[in-house]
Amino acid sequence: MPFTLGQRWISDTESELGLGTVVAVDARTVTLLFPSTGENRLYARSDSPVTRVMFNPGDTITSHDGWQMQVEEVKEENGLLTYIGTRLDTEESGVALREVFLDSKLVFSKPQDRLFAGQIDRMDRFALRYRARKYSSEQFRMPYSGLRGQRTSLIPHQLNIAHDVGRRHAPRVLLADEVGLGKTIEAGMILHQQLLSGAAERVLIIVPETLQHQWLVEMLRRFNLRFALFDDERYAEAQHDAYNPFDTEQLVICSLDFARRSKQRLEHLCEAEWDLLVVDEAHHLVWSEDAPSREYQAIEQLAEHVPGVLLLTATPEQLGMESHFARLRLLDPNRFHDFAQFVEEQKNYRPVADAVAMLLAGNKLSNDELNMLGEMIGEQDIEPLLQAANSNSEDAQSARQELVSMLMDRHGTSRVLFRNTRNGVKGFPKRELHTIKLPLPTQYQTAIKVSGIMGARKSAEDRARDMLYPERIYQEFEGDNATWWNFDPRVEWLMGYLTSHRSQKVLVICAKAATALQLEQVLREREGIRAAVFHEGMSIIERDRAAAWFAEEDTGAQVLLCSEIGSEGRNFQFASHMVMFDLPFNPDLLEQRIGRLDRIGQAHDIQIHVPYLEKTAQSVLVRWYHEGLDAFEHTCPTGRTIYDSVYNDLINYLASPDQTEGFDDLIKNCREQHEALKAQLEQGRDRLLEIHSNGGEKAQALAESIEEQDDDTNLIAFAMNLFDIIGINQDDRGDNMIVLTPSDHMLVPDFPGLSEDGITITFDREVALAREDAQFITWEHPLIRNGLDLILSGDTGSSTISLLKNKALPVGTLLVELIYVVEAQAPKQLQLNRFLPPTPVRMLLDKNGNNLAAQVEFETFNRQLNAVNRHTGSKLVNAVQQDVHAILQLGEAQIEKSARALIDAARNEADEKLSAELSRLEALRAVNPNIRDDELTAIESNRQQVMESLDQAGWRLDALRLIVVTHQ
């Protein structure tokens with residue numbers, strides 16, 4: 001390779017260095033200085049990864065002084081080039097610019113510039129780039145974008161709510177599903193959609209302190225959303241980095257107590273410009289017209305500053321009318337300002353609910369009923385739809401569904417409130433209780449007596465808590481090394497149960513981590529039982545590994561021993577046997593325990609085993625939960641209310657379990673109260689709201705559509721190709737799982753989402769649900785999205801050369817494959833990609849400008865081509881450069897028509913959809929005050945900005961491939 005001092009070259013492997021200058025040459029090496037970075041590189045002359053920079057007539061070049069020149073002639077003397085042409089700033093002609101004075105910051109970014117500069121990519125990278133463009137564009141156009149990537153079962157009612165709310169501008173809604181129906185998942189789905197589409201960028205989640213880690217885990221494991229947990233320590237640290245500590249993170253979780261405890265902190269939260277606020281357990285925010293609580297006022301203040309608000313709460317019937325009104329008031333204080341007026345409105349919705357029930361029943365409608373429906377809907381031209389609904393035609397069912405939808409749009413709080421009940425959702429298992437009464441060991445009896453004497457001054461509540469866990473009382477006196485498990489009959493029973501049910505996966509829950517750890521040691525040492533442990537002292541990764549070991553069918557752990565806090569947010573529905581080694585203090589925690597297995601999609605009835613010690617608080621509590629509340633075998637929406645009402649009496653019985661006088665009466669009263677409250681709740685159910693929240697056939701179709709997309713084999717092929725080219729090692733572990741690890745030759749040194757130790761992935765939703773250590777890979781997973789960004793944001797694969805062996809064509813025939821991208825630039829919040837994502841347009845031109853792309857499909861053509869090494873490729877490019885220039889000009893002339901057609905189609909679609917949505921909401925606003933003015937304003941503003949952005953849409957050449965025909 002002939003090198004001369006002063007020549008300009010560019011590095012093939014480090015193009016970001018800009019133009020290099022030859023500053024030293026000897027027999028074996030050459031040294032290049034890259035002035036823009038001040039760095040030197042020493043290369044072997046015989047095989048240096050550099051390309052000579054040579055411009056041609058017609059090119060525009062820049063001098064190191066910054067002025068530009070159109071090249072008209074190129075002269076070479078002693079190996080050095082001089083460019084002659086016209087300056088663009090002064091229009092002076094005949095200007096000479098020696099190559100040594102070229103601008104050193106020059107980087108070849110256009111595909112044609114890279115090709116002519118000899119920066120030729122591997123052929124497989126060009127193919128990957130085109131596929132990345134194609135699939136990326138297709139994914140933006142998918143109707144359920146944002147709903148496919150989460151690690152959740154495809155449950156229709158959850159998808160229905162998320163699909164409805166997630167597409168809205170700044171949604172402000174109340175999610176009030178019954179316990180176990182997945183409010184957290186619904187909220188996560190809405191967040192995922194809003195963040196993925198760009199509708200939201202900053203999110204604040206406020207939860208009770210005990211649920212912070214549960215939310216942190218759920219958001220990361222299910223939705224790949226990495227939230228930061230803010231407590232006093234984190235807040236203090238962040239104050240060093242920013243005036244407002246909350247500006248240091250985009251996604252934040254904090255407790256309600258943390259938010260309201262400090263006035264300055266609350267001000268910082270309000271000023272942090274969140275897009276979405278999520279509040280869990282919102283029913284604990286106490287409100288009355290005269291005296292709202294500090295917690296309620298804190299959330300009210302935040303809700304005034306944050307555009308989107310999701311409140312997760314108990315069902316309206318559990319809350320009571322006034323408390324329910326207080327939640328709605330947080331969402332829209334202008335609409336819900338008068339409680340008495342709200343109560344009156346609710347009464348007026350009964351006829352609407354009756355009308356919906358009438359339509360769904362499928363019976364013939366009388367003329368009076370048809371007239372009533374027409375009046376309620378209040379639309380012109382409704383008559384044909386009413387007639388269709390009342391006919392025997394095939395369209396009758398769809399007409400009735402449309403009428404139901406119109407009724408629900410126009411009446412009630414269905415736009416701001418979503419509520420599903422277990423009665424309305426199928427797929428829940430039965431729950432069967434097995435109680436095992438065991439004698440109280442003498443060691444515990446002695447410890448309890450001594451504790452009673454020494455702890456006489458303790459409160460009844462403290463004594464009650466102690467009595468629930470006799471092993472801890474024993475350890476207080478005997479020390480931490482006391483071997484309580486040697487005589488506790490629950491341990492013997494547990495070992496016997498596990499050894500006789502070796503084939504069953506069993507979840508064992510106890511209150512404390514220490515108990516779980518001690519039980520694991522006993523089971524392992526005495527019976528060789530494989531038991532995983534799960535407690536709050538473990539990191540998320542350690543818990544993942546424990547959960548994965550438990551999930552393994554053949555070689556996995558038979559038992560998972562969980563502490564109360566450690567198991568929050570984790571579900572193990574592949575197991576159906578649960579042992580409660582002790583009992584939790586309140587009914588909410590009991591339901592949370594059972595909820596680890598009692599989920600939609602659980603395939604078997606749940607067997608709940610409760611070994612309890614007689615004459616302890618456990619024996620009191622097991623009876624109260626089962627006989628008083630029926631809380632083991634059914635969900636208990638009344639539990640907390642009754643618990644609060646009998647708290648003092650219950651505590652006394654727990655603190656003194658041997659004094660049982662009157663306990664039977666307490667249980668009887670609780671059962672009567674439970675039945676009465678349950679009947680009251682059932683009577684107050686809002687059927688109209690249930691129908692709307694459930695989604696019916698529409699929701700079922702949504703779930704089926706996403707399930708079909710789960711089987712997309714294009715994703716697997718693309719992902720494997722992507723990982724190969726990035727340089728990620730893949731090790732197939734069987735069971736639809738692959739381990740990815742970084743290699744020594746990565747395209748980038750640190751690939752986002754891939755740790756040094758590697759990660760386990762699966763493309764199978766069922767495997768991902770069973771194996772929490774395996775990440776569920778979809779088009780929406782950060783690993784794929786980061787890979788797409790890496791390829792498409794740089795110049796990987798943007799220029800290449802291939803050989804086509806085809807004896808039907810003359811040797812030396814040239815074809816140029818051009819990949820144009822039609823796109824529009826706009827803020828992410830406009831979600832312009834719904835209408836015009838960056839869309840590839842492929843052209844395959846011969847030297848006469850004939851476009852053969854329609855006749856020659858990309859993948860078929862790609863398989864017929866052979867790669868060319870870089871050295872040969874550079875020679876070929878230099879030989880045919882003029883011809884390629886000519887073909888490029890023909891391509892530029894042809895692309896406009898195709899691009900304009902895409903842009904016009906996008907404009908028409910955007911105008912039609914956004915105008916229709918605006919018209920629909922404006923019409924509904926007349927009859928349903930739950931449609932906010934700011935929502936209408938936002939849609940109109942969004943429509944105008946979208947149309948303006950599409951007017952500015954354009955196109956550019958993204959990649960090209962030069963193809964030369966050969967017969968060899």
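Positions of Cβ are set from backbone N, Cα and C atoms, glycine also.
As annotated by Swiss-Prot, domain 'Helicase ATP-binding' applies to 164-334.
Annotated ATP binding site per Swiss-Prot: Asp177, Glu178, Val179, Gly180, Leu181, Gly182, Lys183, Thr184, in sequence order, evidence recorded as sequence analysis. Its Cβ taken as reference, Leu181 (ATP binding site) is surrounded by 26 other Cβ atoms within 10 Å in the chains shown.
The motif 'DEAH box' annotation in Swiss-Prot covers 280-283. Across the residues of the motif 'DEAH box' (280-283), the predicted structure has a mean pLDDT of 88.
The annotation domain 'Helicase C-terminal' is assigned in Swiss-Prot to 490-662.
Mapped onto DSSP classes, the motif 'DEAH box' (280-283) shows 2 helix, 0 strand, 2 coil.
For the ATP site, the Cβ centre of Asp177, Glu178, Val179, Gly180, Leu181, Gly182, Lys183, Thr184 serves as reference, and the other residues of the chain with Cβ at most 8 Å from it are Glu186, Asn420. The Cβ neighbour count for Glu178 (ATP binding site), using a 10 Å radius over every protein chain in view, is 20. Cβ neighbour count for Thr184 (ATP binding site) (all protein chains, 10 Å cutoff from its Cβ): 20.
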